[in-house]
Structures are given as structure tokens and as C-alpha cells.
């Protein structure tokens, strides 16, 4: 071969398996080169003759997006340099190895590079102004939480395994007194999901309006998070999910019947971007968790129990009852969700003053607009805790969700007659997320606010109130109400307790506990109480259906004494009256004879479905048979009609397995025996959902560790 012949590129080895492993993307496969920014990757270039560093001049060009330019940051041009060192915010080369006609070179991408699909090209200068350009290959560039120079850097391998690499988790639902864990398959490493994540970005209104500008801003994690938050819902665009908070899901799938994100994302993509029906908050947040983990942003799912939505920004939520203890509908847009689910993403906030880095709230559920789009966040969790509600983005909304005060009114003839309760601590309870490296729940309430009733908590609340309401305290009675002191304690205290675990299909037994308060009783004579009780099915959005049960109790309580009274809510009263979530509120209003006082007592609860069991009979190994045994006994007094079982679990099976079992009579048992062939090693989660006409969510899961296949 002529040593002075023009240098020509003959072939390229992108070394995809090794690079993907080094960049923690091997779970996404080895068909494509998938890299994380701010980290070196190696390629081997094969030429027609030996590369001569002093005579041959080569330049690399990396491009992404439409009409890439250096000015927009969507094009990087960098020369091969033997002595160049790696720099965080520039593309560079280093650590080359010459071997005959091949050159192995290490390329270092900028830690602030735009994420996306790239094409890498090689330009060889031939002298006298002549040059030749060769395609080297395509790669995908993601955020890099392993890189100290990336804005999403998370300096803990345990946390990275949880918030980037784990492809399953839990959503916490129910109510604050009976929290249930709902297994979810995030599946961010499943076939095609990464491409769908970029398809989501490319269908956003920002991209459609100005593709080049949108792509140029994809180096900014704050920007990308806001785009994804808007695109998970479909209120402004052809986003992934259509919300439905009604009770008719006949034209789609009930939010309760999803097992994971993969089926939703694949359906959205396969339909050309038509919103998938239907989602509610936990579905929106879980799908966003899949997308953000896939793109390389540490993300977790968070549940807030008794979550306020204060549309008027006055940090109070008003609830109304009549004298018969019925919770009344209101025309006000404010509401208290039984629970609400959002995301936290980990990042540096270069757009905020120092001190607000770390976890940031992102909420893809379309509650209200932010800068004209239905999205929310990122709002710094620390800013929420400190009441810094003026900071971007949507911090005031999140602050109200966890801190608003609840004022409960007694309504007579359409007029508010009496404040039954002013509760400063009923909102924002048991804020929960999955514990790291565990299947248990972690309470993170203290990350969002100081302990209820503490001087710090009230001080922060007042600080936020004055910021939102202005120094004149105009148009709000909130601060006057707070400044008026505590309400006078009533002469008796009432509490409602469940006598046993409430199960769907069974009567519900309560105990009313009545205790007099001697210092508040202005007489030694027995205190007479006339208590009206009402039970209503709770809607997820905080409202209630019409009463399904009423009862009145007449009690006489001696001063200094305690009494108990049993109450029975028959199954026949609620059988046809509940929503699919099967939540009930029992409320009671006691009229204290001779005082004009009314006392409110409340009890929310969820009716528990039958439980299923999942067992595996041997050690799980990649490619080896794994026998799974699923059992469900109908412990109810009624039959479960149209029972359908759906199995899902990334790394354990491809897609879903579905089977219809018809009707399961009372006392009868379904036994299912399946054979799986695990696909990937490591910790995995098998999710099982059995739904029926009567009970939509009988869920179970099994954590399974899959070992690598041994080679003989």
C-alpha cells in the first residue's frame, strides 16, 4: 500500500456492547450505540493505510436535530488531537491507539450537550483545500447522572440503581389511614421505549412550532422536564394519555386496569400519537417516571394523601355539610383529592438562587396551566418546605397541595351558618415514595414541610400566605381567621373507629366513641347528643355521591364518662353505589342540646378486595423455565363476574399475558400455573392484576431475582 496515498475510511467499529455497558445503557440492548453525555466512548476507525498523526488531519462532526448548527449547540466540530485532555463542556478526543491500519480513539461528549439522536461524521483533510467526509455512525445521547459535571448528577450508586436502573416500583394509593401499595412496571429499558421517549419530545407543541430551537434547548433538564410534563397529558396536544375522572371508561381502559407504562407508550406510538384512554394521576406520574428514567434523569413517584388543589390561591379549601351530615357539592373549583400522585426529578437548578438543588416536583396530571400549558414544575421541594412560593416553577401550587388549611362549614338553607372545623393539619398527609432498595414505603412528609403545629410550620404558612395574598391581605378572610385564635373546644369529643378491617362484600361495623371534656361542660347534668350519620361514596377528586346510608343516634353522656355505640353499614346499602376505587366517607354531626353547638366527626376508608398469592417453584435463571403459581380465592359473599387476569414484568416476559376466567363464585378458587422464561438478569418484579365487574383492582406482585445463565 502506498504510504502517501490519500487516507480513506474503510470501516468503523462502534464497539457498542462495551460502550453501552460503560455508559449503563446495556439494559437497552446492543443494537444501537446509546451513550450518556460527559463521558468518553471508544470507536475503532479502519483506514486504507496506517494513520500518520503528523501528516493526516481528521475532524469529527456530531450533529442532532433539524438544521444543526454550532450556534444552537446541535452541532459539535472537534479535531483529533493527540495531546488534548477532556473538558466537561466541550467535545474532544483523547487516548488514541494505533494498530496497523486502524485507529482507536476515545471521544468525549460535552456534559451539557443536547440529548437526542446523533450522527457522527469524519472529515479527512487531503491538502490543497481538498477533503472527504465519511459517515462514522449513529448514536443516542442521554443525560448522565453518573457524571459530576452533568446537571442531573446523583452521587450515590445505590440511589442511581433505584432511580435510573430499576424498571419497577410502587404507587401508593388509598387513604392516609389505609395506604395500599400498587406495583407498577416502568419498563424503561423495553424494546422501542427509548425511541418513543424521543417521539414524545418531537410531538410537543414546542417542537412543532420551532424544531431547531426546541432541539437546541434539550441540553437543559428543566426545559426537557417541562416538555415531558406537558406531553404526558393530552390537554394541549396529542399527548400520551387522556384523563378521565368520571366513571364511564367504556371507550377505553379504566385507569385502575393498567399494570405498567410499556403498553400505554406502545399504544400511543402505534396509533400515530393518539392519546391513550384513560389515565388518572398515578398513571400520568408512572408513565412520566418511565420517560424520565429512560432519558437519564433520576426520578421517583410520590403520593400525597389528602392533596389540596387551591385554584384561587388563598390557601384554604372550603367543604360544606348540611345538618344531616351530608357532604354537599360546591361550585368552587377548589378540591381535596383523596390522594394525588406526582413525580420528583433530581437536578441542579441553575435558574434559581443557590440552595434549591435536589428533588424537584413535576406533575403531568393536567390540573391547571403553567405558562399557558397544562404542565407543572419543576418546583424545588426545599422551596416548598421554606414557603418560597415566588420561585419557578409552580411552587405556590405545590405548596397549597401539601399545606392548605381546610375550613368545614355547616350549611343551612344555602347559607354558611357555622364553622364546624378549621383544620390546619388535615392536608398533605403521609407523603410517600418507595424506599430505596426495598419494597417498603418511605414517608417523606418532612421533606415538604415542618412538623404540623410547630412554630416553623405556621411561620412558613404565614410567609407564603402574605406572598400570595399581598400585604393588604385583600379579598381573603384567611389571615383574619388564623389570627382569631383557636375555636373553643366542645364539651364532648367524638371519634369513629372501624371495628374490623372493611372488606368489600361484607357489612361494615363502626364504633362511635364519645368522651366528655369536664372543663368544657358547663353543667353536671348528662349531656344529650343527637347525632346524624351519613355515608357517601367518595370520588377521587374529593367530591361525593349522594348518601347511601343514614342513621340517627340519640345519646346521653354523663360528665366525666365515656360511652361507645355500635353502628352497622350493611353491604346491601353500598353494593351498587360505589366507584371502582371503593372509598367511603362516614360523617356525623352531633347537636349538643342546650348549647347550639354542632360537632363534626369523619371517617374515610377503603373496602379491601380479596388477596391473591404468587409463588415460584425454583430459582430464576435467564432462559430457563420458571414455573409461576397464582391463586385467588373469592372470600366475598358475591360472585365475581368476567374475571380477567393480566401479567406483566420487564425482564421476565415480553409484553403481557392475558387470560379470561369467567365467573368466580363465592368461596371458590382460581389456580393458574404458568411457565416463564426470564429474559434479563437482576432484580425483577412480576405484576398480576385480576379485574372483574365487581372489583376492578385485585393486584399482587412477586419480587424475583433472576440469575445469569451459566455457560458449560
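Just so you know, glycine gets a Cβ as well, placed from its N, Cα and C.
If you look up TrEMBL, you'll see 273-366 marked as domain 'Transglutaminase-like'.
Within 10 Å of the C-beta atom of residue 281 (active site) sit 27 other C-beta atoms, taking all shown protein chains into account. As annotated by TrEMBL, active site applies to 281 (among others).
Residues or ranges marked as active site in TrEMBL: 340 (among others). Taking a C-beta cut-off of under 8 Å and a sequence gap of six or more, residue 340 (active site) has these contacts in its own chain: 281, 303, 304, 307, 309, 365, 401.
Residues or ranges marked as active site by TrEMBL: 363 (among others). Close to residue 363 (active site) in the fold, though at least 6 residues off in sequence, lie 229, 284, 285, 342, 343, 375, 376, 377, 394, 398, each with a CB less than 8 Å from its CB.
All protein chains included, residue 405 (Ca(2+) binding site) registers 23 other Cβ atoms within 10 Å of its own Cβ. Sequence annotations record features per position, and here TrEMBL assigns Ca(2+) binding site to 403, 405, 452, 457.
Its own atom aside, the Cβ of residue 452 (Ca(2+) binding site) has 15 Cβ atoms within 10 angstroms in the protein chains shown. In sequence order, 449, 450, 451 constitute the residues six or more apart from residue 457 (Ca(2+) binding site) in its chain with CB-CB distances below 8 Å. In the shown protein chains, 27 other C-beta atoms lie within 10 A of the C-beta of residue 403 (Ca(2+) binding site). Sequence-ordered, the extra residues of this chain that approach the Ca(2+) site, with Cβ no more than 8 Å from the Cβ center of 403, 405, 452, 457, are 424, 425, 427, 428, 449, 453, 458, 461.
The helix, strand and coil residue counts that DSSP assigns across the domain 'Transglutaminase-like' (273-366) are 15 helix, 40 strand, 39 coil.
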